[in-house]
Amino acid sequence: MTQYHPLSEGEAIQFAKSIPDLFAADAQLASREIGDGNLNLVFHITEPATGKSIILKQALPYAKVVGESWPLTLDRARIESEALQYEGALCPDLVPRVYQYVPELALTVMEDLSDHVIMRRGLIERNKYPKFAGDIGRFLSHTLFYSSDLGMNQQDKKERVKQFINPDLCKITEDLIFDDPYRDAETNSFDETIRDEAEALWNDTELKLEVARLRHGFLTNAQALLHGDLHTGSIFITEQSTKVIDPEFAYYGPMGFDIGAVIANLLLNFAGQEGWSPDAASRAEYREYLLTTVKDTWTTFEWEFRSLWNDRSVDRISNTPGFQDIYVEQLLRDTIGYAGCKMVRRIVGLAHVADIDKIEDAAAKERAQRLALAIGKTLIKHHRSSVSIDEVLDIAVKAAAQ
Ligand code: SR1
Ligand code: MG
């Protein structure tokens, strides 16, 4: 079973039995392929007699969401397993444990987190997660600080940049987030009811100029090792626990791209409450919770990042008084701009989110789409003049009141 091929469920069971010290050779195992993402196979392997379970995640050599016409490197499985190990060394409680990586099969064996739910699903069900902002703020501050020139030796960092060169997955982001939504691209996908919004994007030169700036940052600013796709579908959650999964888009890029991804996905759910809240009062109440989470995510990140900088910086000249403020101010601007880009792409681009797409009532869905676009576009246009996270909250509240 050593030559690469996509595993069948039977082969996944055989493979699981061959992992030393996990299951007995005569164990009765069951396998279910549960991959609902855009790119990979995910086998949930269980042993009903003991309750033991694991996940086998296997990369396919193409983008599952499109088909074999869109080839993708299997090296992303290595990148994912190495990124998980990097993150796990810094925040062991916030990522799944990796038991084994099998390069020949582009396969990672990892902890089963099925006692958690995918956060996107949890937010659609209007659950609240009191530990989330603190957990994700810590994840972001630690992974970003320690992989940057502030937190590690600069020559070692260059080696790490090399380790995480990820051209195929970066190209997906470059196209699907920073290019296609702003032109009449074949990959775009949107409801005809909002064609006016899509056409407005294609003709908005002021907006496209800001997107060009942000795209340039994504292409050139090797600031820190990013997760690279930190939406709420990449987070498993309970009230007590947060686990960040799926860092196959990891590469060295601008820190604000990861922080912005978290904020964008909270705001997409904010827009989706047009369809998920039963009445105006509960909509306002849940939206308040989401906005508090946006604010707490940023403030936890900022506080922990500044603490790490003050206590653990390895870069002498960066400690010159004033530079930390300049750096963090730019991080906030980047965060807001990237959050806006990540909202817009989920409404008119190839890959959407269930927070909006699964709304059954057509009028509510259209309102949610228009609201998400209004927030996203304002964030993009406003990002370079932002000085406080409160401005994001104001933009969302004002757009929702229109
Ligand atoms: C072709 S992959 C589409 C999207 O799915 C992933 O989760 C990324 O967000 C990517 O842009
Ligand atoms: Mg993913």
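All positions are counted from 1 along the displayed chain.
For all residues, glycine too, the Cβ spot is worked out from N, Cα and C.
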Item checked: ATP site partner of K57, E111, D112, L113, D246, P247, E248 (as recorded in TrEMBL), chosen from N40, N127 -> N40
Next item on the list: Could you check which of the binding-site residues E111, D112, D229, D246, P247, R345 have their CB within less than 6 A of ligand 2?
Entry: D229, D246
Next item on the list: Do me a favour and check the Cα-Cα span between D229 (substrate binding site) and D246 (ATP binding site); whole Å is fine.
Entry: 8
Note to self: To see if you understand the setup: which same-chain residues, six or more apart in sequence, place their Cβ under 8 Å from that of L113 (ATP binding site)?
What the structure shows: I55, P96, F236, K243, I245
Note to self: Suppose we screen the binding-site residues N40, K57, L113, D229, D246 by Cβ distance to ligand 1 with a cut-off under 6 Å; which survive, in sequence order?
What the structure shows: D229
Notebook entry, point to check: Does anything in the same chain, at least 6 positions from D246 (ATP binding site), have a Cβ under 8 Å from its Cβ, and if so what?
Noted result: G37, E80, D229, G233, S234
